[in-house]
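> Dropping a structure here in structure tokens format, bear with me for questions.
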């Protein structure tokens, strides 16, 4: 049976609540929550269910630059210009613990796929790896010679990729802590980098208005896109691995077909710079944020896979594509029209799920609850330490008073 024709992406919802530019967005595992950070120093957790109130988390002392949900969705990490990383429990209380080791703005935060560690990137020119549950700094990767804007784990957690204002993208072995390769093809600051879902490729965005895709096994440049008219600030792979969405200072989002090496759509939604973009874990939605203080949620529509299934088969791009702005594209304002037809996109074959869905759900729930318990214990320990310090201070004050009275 032929695959149904895809439709244009459509703007589903937009969220207003930030008081300054939105810097980052990320969906939870089940797509029920969407987190965003802003120059207003606040973290917002929006509920995809209509008429649900958002959570506003205050704790950072300066702009929030990055957010990432844990794989279970039960924890939320954020980084800030206040030089700290915070781990939050994304519920109405909004409690958090603070990680300190960076000496400048934290630009990026990302959980490993097992949830056991996080990687951060900073203006202090380092990439740092932390233990999530032990709440401690583990080690630094320190070969960049300028600000590091982004760092991500590979899907299997063995590699780390980082992007820097030194115009390089570096690939690191997490175990040996050594730089495996440096990619130097960008002509300006590299703003963002991420792994293809297969783990075999990386894509990087730059201030030179380009997006480049490399094979991490051969280190060969596979694709080069120069489609935006200003800096590319962020990108996100669709979980199928077939598509890439980008956000640019030219105010547009662009969706690329990686299999064919061409531009599919240009989306005009934000007034001013589009600063961030991220697909949901299923790929059914993607979210964007901008200097207009808005968070927008789009329905993908262009991919015809069954979103209810777990996507496990991803094909990396294999051809070398060099694309410029003269490629055909679908260019439309918000809200987009629905009448355009595109070439049918072949859905990916689905691997059978190895465990019963109920067992998988139960295990995920248990892991999530352990995450929450660990975080709660850490918060209680911090409060206990604060209480002990206050008691000691009170005792010292009483002793001083008694000494003065006696003398």
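Numbers run from 1 along the shown chain.
Placement of Cβ uses the backbone N, Cα and C atoms for every residue, glycine included.
Per TrEMBL, the feature coiled coil maps to 370-397. Here TrEMBL flags 342-352 as compositional bias 'Low complexity'. If you look up TrEMBL, you'll see 319-353 marked as region 'Disordered'. If you look up TrEMBL, you'll see 15-56, 57-88, 99-140, 141-182, 183-224, 225-266, 267-299 marked as repeat 'WD'.
Neighbours and distances for these, please.
Within the model, the coiled coil (370-397) carries an average pLDDT of 65.
Within the chain carrying the repeat 'WD' (15-56), a Cβ under 8 angstroms from the stretch's Cβ atoms is held by residues 62-69, 71-73, 76, 78, 80, 88, 90-92, 94, 273, 275-282, 284-285, 287-297, 364, all 6 or more beyond its ends.
Taking Cβ pairs closer than 8 Å, the repeat 'WD' (57-88) reaches residues 20, 23-30, 33, 35-45, 94-100, 102-111, 113-115, 118, 120, 122, 130, 132, 135, 364, 367-369, 371-372, 375 in its own chain, all 6 or more past its ends.
Non-local neighbours of the repeat 'WD' (99-140) in the same chain are 65-72, 75, 77-81, 83-87, 146-153, 155-157, 160, 162-164, 172, 174, 177, 367, 371, 374, 378; each lies 6+ residues outside the stretch with a CB under 8 Å from one of its CB atoms.
Using DSSP to sort the residues of the repeat 'WD' (267-299) gives these counts of helix, strand and coil: 0 helix, 20 strand, 13 coil.
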